[in-house]
Amino acid sequence: MTLPDRINAAVRAVPSWVLYALAPLPAAWWFYLGFTGGLGVEPISALEHKVGLFALQLLIAGLAVTPLRRFAGVNLIRHRRAIGVVAFFYVLLHLLIWLVLDMSLLWSQIAADLVKRWYIIVGMASFVLLIPLAVTSNNWSVRKLGSTWRTLHKLVYGACLLGGLHFVILSKGFQLEPMVYMAIIVGLLGLRLVPKRRPMMARA
Amino acid sequence: LADLGAKPSQFSTDATPNTFEEITTYNNFYEFGTGKSDPAEYADALTIDPWTVKIDGMVDKPGDYSFDDIMSGVELEERIYRFRCVEAWSMVVPWVGFELADLLDRVGVQPGAKYVAFETLYRPEEMWAQKRPILEWPYREGLRLDEAMNPLTILSTGLYDEPMPKQNGAPLRLVVPWKYGFKSIKSIVRISLVEDMPPTSWNMANASEYGFYSNVNPQVDHPRWTQASERQVGGGLFAKRIPTLMFNGYEDEVAGMYAGMDLSKFY
């Protein structure tokens, strides 16, 4: 068995509910650390950044599924929905941490940020694009929407680009890490433009 | 650690200082990395003895001054100051130091000098992040001469009556309590008296976000976030934001220096 085959066999053996069951653990762990001093003396921004970065990593993981299948023969498609749904909840959690813990629900300052601050606007736009995807991530919607569903879920490309941009423009000075994330997102989207030599045959 | 024996000062706030741990583990000192805990992790590599400060430009007694030269005859004071970062967090720090004006008087400022320029050490083999183009190194800051001579402006050599921890800018740093924290340049190796407004690092990196003055001002927002409120470090997961004060609460002492200036233009 080749390495991709072995990975595919292992992935098939994992039921999707396992991912959903494990999903809250990182957040729970970070909240626990935040309460007990494990996130340093300023736990709010540390928690906000950890959750936000994990959300971006999950979005990227979802974006990687198609290129992995096409170029590496690794098939994670059966877990793509779980990755996407969990990513959405981490983006939502990141937003809630900003609203409640970071901004102390100071609505006038929050409202001002939402119209004046580009990184806030861009981040919020990314979240808004993800809402219809989260709402339609069930079998009933897939059946009901048919081919529209596939088109609709291309919104995730925009959400990822905006999420990466949000990270780039909130950083101070010239920092490498957000640039690397942005490059990965652009790269994964770019791979989708590589022309296919012949119509994709079913690969099992 | 030796106690510095600093005398109390009338300029200290009666606000409760942050803990030593808070002040020494949550730092911006990009020469050691951009993470808040990076300076505490990496600043150990810095050699602070011997330490020389070049004082040059329009002064009567220019020269290379050793740290001991600079400290000779100096009476240290404890200055408990509010410290407000441009990133909208704040602390209260019991600095130990002396007025910058004392040093400037000792070296003799010549009449034509209008600004004071400062530089941080450039030593990438000890300050690893200087190998990265995060900012244009060495870090540079500057003050108008009247700001530099203001009694609130100190050169600080310690905190909590102990010698300055390396992550906080050992052995010698500036503290200008009514300006955003990045003006309070760390690990100073050069002080120049000059005629023209000197270039400063954050202003060079992004002039629309970081002005030369960078006075704490709740009415003039940073383009990317509000400056109307701040969060005091150390309040835990449910710390509430508090309103930011004009000139970080030092309005009575410093507002006169900016009379007639449009502070939204000279931000």
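Placed from the backbone N, Cα and C atoms, the Cβ positions cover glycine too.
Curation does not apply to TrEMBL; its annotations are automatic.
Summarising the annotation, TrEMBL assigns transmembrane segment to A:12-32 (among others). Tertiary neighbourhood of the transmembrane segment (A:12-32): same-chain residues 38-39, 47, 50-51, 54, 78-79, 81-83, 85-86, 89-90, 93, selected by CB-CB distance under 8 Å and a gap of 6+ residues from either end.
Sequence-remote contacts of a segment are chain residues at least 6 beyond its ends whose Cβ falls under 8 Å from one of its Cβ atoms, and for the transmembrane segment (A:52-71) they are 26, 77, 79-80, 83-84, 86-87, 90-91, 93-94, 156-157, 159-160, 163-164, 167, 181, 184-185, 188-189, 191-192, 200, 203. Per TrEMBL, the feature transmembrane segment maps to A:52-71 (among others).
The feature domain 'Ferric oxidoreductase' is assigned by TrEMBL to A:52-163.
If you look up TrEMBL, you'll see A:83-106 (among others) marked as transmembrane segment. Note on the transmembrane segment (A:83-106): residues 19-20, 23, 27, 44-45, 47-48, 51-52, 54-55, 58-59, 61-62, 65, 76, 113, 123-124, 126-127, 130, 133-134, 137, 156, 163 of its chain, located 6 or more positions outside it, place their CB under 8 angstroms from a CB of the stretch.
Per TrEMBL, transmembrane segment is recorded for A:118-135 (among others). Non-local neighbours of the transmembrane segment (A:118-135) in the same chain are 84-85, 87-88, 91-92, 95, 141, 152-153, 155-156, 158-160, 162-163, 165-166, 169-170; each lies 6+ residues outside the stretch with a CB under 8 Å from one of its CB atoms.
Annotation comment: TrEMBL describes A:155-173 (among others) as transmembrane segment. Nonlocal intrachain contacts for the transmembrane segment (A:155-173), taken as residues 6+ away from its ends with a CB within less than 8 angstroms of a stretch CB, comprise 52-53, 55-56, 59-60, 62-63, 84, 91, 118-119, 122-123, 125-127, 129-130, 132-133, 179, 181-182, 185-186, 188-189.
Residues 56, 60, 63-64, 66-67, 70-71, 157, 160-161, 163-165, 167-168 of the same chain lie 6 or more positions beyond the ends of the transmembrane segment (A:179-195) yet place their CB under 8 Å from a CB of it. The transmembrane segment annotation in TrEMBL covers A:179-195 (among others).
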Segment-level pLDDT (mean, integer) for the domain 'Ferric oxidoreductase' (A:52-163): 94
